[in-house]
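Undergrad: Below is one structure. I have some questions about it.
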């Protein structure tokens, strides 16, 4: 039952992040083009708003949940988990979305399950089974087909800096999944995320605040604030609350496979908004992703392999 809840939580979080991508694009502009001209803020102000907002929401929620004491030796781990899962991941993602082409960002993101599978094998000693490799490869192929099917005929524009920041965002999240599994399992989602966003806000404040105070907030429209509310409450607070629920009961490679849900959501939104047309290729790509996820879920964990060989 716990695994089903974990899968549902990860699917919902990935769905929210899929919706979040175009909203982030709408609410962020280059440093010299913020304010009323584009109804947007710069990337650093945007990041600070996310971290500060999520921090407040998690602290408020913590007053209504059982209090957990953090072990002294876990504080350094929680700090570095915040740097990887929040600071590097979110700031890298927003700079990537602003400066790279959507095609490149989507392709870079599709590498996450592959890197997670490799790192989990080395760090967590998770077995590289044929079923797992096949599932990850199938999902990656489906994501690539879906990206190119949705961008056919469109010009890809962007900078190498944007691609690099997108890669940093992806890599930092992969490292978070594999290097910090012990504290993810030890603490509740509220306790863990409360401190992750607190550390992120404290670290980001001296860097981001000088840019944040320069924004003319009165010139931003109601539309901006509604979109920003979704980004902060939905894509930051709610999604990051749901994510550890799945991480507690599922292997890192399985968790990372839900990364492939995001291009599916983006395609569905584009279809609903009349920006794309449905075709058999998109259906085929979506099926490949779901079949790939299924194979990874059904692949054997380290504990199952050890049990088979009578080593546990």
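Each residue, glycine too, has its Cβ placed from N, Cα and C.
Reproduced below are the annotations present in TrEMBL:
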type	residues	note
DOMAIN	6-147	domain 'EamA'
TRANSMEM	48-66	transmembrane segment
TRANSMEM	78-98	transmembrane segment
TRANSMEM	104-124	transmembrane segment
TRANSMEM	133-152	transmembrane segment
DOMAIN	160-297	domain 'EamA'
TRANSMEM	164-183	transmembrane segment
TRANSMEM	195-212	transmembrane segment
TRANSMEM	224-243	transmembrane segment
TRANSMEM	255-274	transmembrane segment
TRANSMEM	280-297	transmembrane segment
Undergrad: Can you work out which residues elsewhere in the same chain, 6+ from the ends of the transmembrane segment (48-66), have a Cβ less than 8 Å from its Cβ atoms?
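TA: Here the qualifying positions are 41, 86-87, 90, 188, 190-191, 193-194, 197-198, 200-201, 204-205, 208-209, 212, 228, 231-233, 235-237, 240-241.
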Undergrad: At a Cβ cut-off of 8 Å, and with pairs 6 or more apart in sequence only, do we get at least 3 pairs between the transmembrane segment (195-212) and the transmembrane segment (78-98), yes or no?
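TA: Output yes: the transmembrane segment (195-212) sits against the transmembrane segment (78-98).
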Undergrad: Work out, from DSSP, the number of helix, strand and coil residues along the domain 'EamA' (160-297).
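TA: With helix first, then strand, then coil, the domain 'EamA' (160-297) has 120 helix, 0 strand, 18 coil.
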Undergrad: Give me the stretch from 78-98, 164-183, 280-297 with the greatest number of Cβ pairs under 8 Å to the transmembrane segment (104-124).
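TA: Answer is 164-183, with the largest number of Cβ pairs below 8 Å.
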Undergrad: Output the single range from 224-243, 255-274, 280-297 maximising the number of Cβ pairs under 8 Å to the transmembrane segment (164-183).
TA: 255-274
Undergrad: Helix, strand, coil residue numbers for the domain 'EamA' (6-147) per DSSP?
TA: 108 helix, 4 strand, 30 coil
Undergrad: Excluding the flanking five residues on each side, which residues at least 6 beyond the ends of the transmembrane segment (78-98) place their CB within less than 8 Å of a CB in that stretch?
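TA: Hits for the transmembrane segment (78-98): 21, 24-25, 28-30, 43-44, 46-47, 50-51, 70, 105, 108, 161-163, 165-170, 172-173, 175-176, 179-180, 183, 192, 195-200, 203-204, 236.
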Undergrad: By Cβ distance under 8 Å, which residues at least 6 away from the ends of the transmembrane segment (255-274) in the same chain are close to it?
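TA: Same-chain contacts beyond the ends: 10-11, 13-15, 17-19, 21-22, 106, 109-110, 112-113, 116-117, 135-136, 139-140, 142-143, 146-147, 150, 174, 177, 243, 246-247, 282, 286, 289, 292-293, 296-297.
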